[in-house]
Amino acid sequence: MTTENFGFKVLARDGAARQGEISMPRGVVRTPAFMPVGTAGTVKAMYMDQVKELGADIILGNTYHLMLRPGAERVARLGGLHEFGGWKGPILTDSGGFQVMSLAQLRKLNEHGVTFRSHIDGKAYEMTPERSIEIQGLLDSDIQMQLDECVALPSPEKNTERAMELSLRWAERCKVAFGDQPGKAMFGIVQGGDIARLRERSAEALKAMDLKGYSVGGLAVGEPQEVMLDMLEVVCPILPTEKPRYLMGVGTPDDILKSVARGIDMFDCVMPTRAGRHGLAFTRFGKVNLRNARHAEDHRPLDPQSDCPASRDYSRAYLHHLVKSGEALGAMLLTWNNLAYYQYLMKGIRAAIADGNFSDFTAETTEGWARGDMPAL
């Protein structure tokens, strides 16, 4: 049931795992949720109707890419990102900070914000906490992120602490800039690298700001999975139980299962779409590389039990041919399959938490991956 206000309700718990709903005027997001990434206003190789039919309640838009092209002001003139891109449900936008730190050229960072040159044409821009919130407002997203500084791991402790403290000050400025917007939310972002005391400090400070939701950033950036999970075990018990928790940029199906077990409610990642464009399929049997010659004369589908036409109705031989030939349809079908599998996984997770058997579901799912793909013909 939609609401004129932003709200989150936990409907069931199984250990630290939570099943619930985020309510917004544009729709309800069932959690745990996976958000397909629509970097430049499109989920690559997919129609928006397909994305919705697969079970996605919310998608992600990228502030950095959209501010550069076509421009936030232009999107606003065209009715906002929902109207512009044809997605009627909720949209979450990131702040642009991660891309500024990783993609932009000649960046200069100080207390005020960050100046940088576009990776597209070299044009100079300035991003401040206030400007980030302004851009996200022009895009008219439903959930907005604070501007933060994300350090690459490994990072010296002194540098990690400096970035974390700066991100906290920027969170305060973003909160002021966001103000009171009924039906929308701004999330703070917990930083602190792989250092527990810094993560604790960040989580406690953001909790004191009484924001509508909380993200965990700066993970899944090359560190071992155990480090990511250790940081979640530090952060999640600190964050308010009545607010949603979003792990940014994560991840693999295994990452998702283990993060849900530690109390995370929301995820996004380019992995299913990017992998689909490179010939890799996610299935109940684990990852399947359609480039491999073993599929060249295999008449079987990826998964005969799947509800997704891409997974069920096309032979592996045909998918192999499309991938090897560089045909656009190959990327489209494998992206469709991958997003279908991710939403199938999330649906199973939600049902398992509601039924109190999340541990059994996790064991059965991981056993399926471990058994591997069906034998070659």
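Including glycine, each Cβ sits where the backbone N, Cα and C put it.
The annotation active site, proton acceptor is assigned in Swiss-Prot to D94 on the grounds of sequence analysis. The annotation active site, nucleophile is assigned in Swiss-Prot to D268 on the grounds of sequence analysis. The annotation substrate binding site is assigned in Swiss-Prot to D94, S95, G96, G97, F98, D148, Q191, G218 on the grounds of sequence analysis. The region 'RNA binding' annotation in Swiss-Prot covers 249-255, 273-277.
Below 8 angstroms of C-beta separation, residues 36-37, 43-46, 287, 331-339 of the same chain, each at least six residues beyond the ends of the region 'RNA binding' (273-277), sit close to that stretch. Annotation for F98 (substrate binding site): spatial neighbours Y64, C150, G217, M248, G249, criterion Cβ-Cβ under 8 Å with sequence separation of six or more. Around G97 (substrate binding site), the C-beta neighbours below 8 angstroms that are at least 6 residues distant in the chain are V114, M127, S132, M145, L147, D148, E149, C150. Annotation for the recorded positions D94, D148, D268: lowest Cβ count within 10 Å of the residue's own Cβ, D268. Cα to Cα, G218 (substrate binding site) and D94 (active site, proton acceptor) are separated by 13 Å. Here Q191 (substrate binding site) is positioned 15 angstrom away from the residue listed as 'active site, proton acceptor', judged by their C-alpha atoms. Separation of the C-alpha atoms of Q191 (substrate binding site) and D268 (active site, nucleophile): 17 Å, rounded to the nearest whole number.
Residue counts for the region 'RNA binding' (249-255) by DSSP state, with H, G and I taken as helix and E and B as strand, are 3 helix, 0 strand, 4 coil.
Around G96 (substrate binding site), a 10 Å sphere centred on its CB holds 27 further CB atoms from the protein chains shown.
Apart from D94, S95, G96, G97, F98, D148, Q191, G218, the residues listed for substrate, the same chain places the Cβ atoms of M101, M145, Q146, L147, E149, C150, S167, I189, G217, M248 within 8 Å of the centroid of those Cβ atoms. For S95 (substrate binding site), the same-chain residues 6+ apart in sequence whose C-beta sits under 8 angstroms from its C-beta are T63, S132, Q136, Q144, M145, Q146, L147, D148, C174, I189. A separation of roughly 15 Å, to the nearest angstrom, links the Cα atoms of G96 (substrate binding site) and D268 (active site, nucleophile).
Secondary structure counts, DSSP: the region 'RNA binding' (273-277) has 5 helix, 0 strand, 0 coil.
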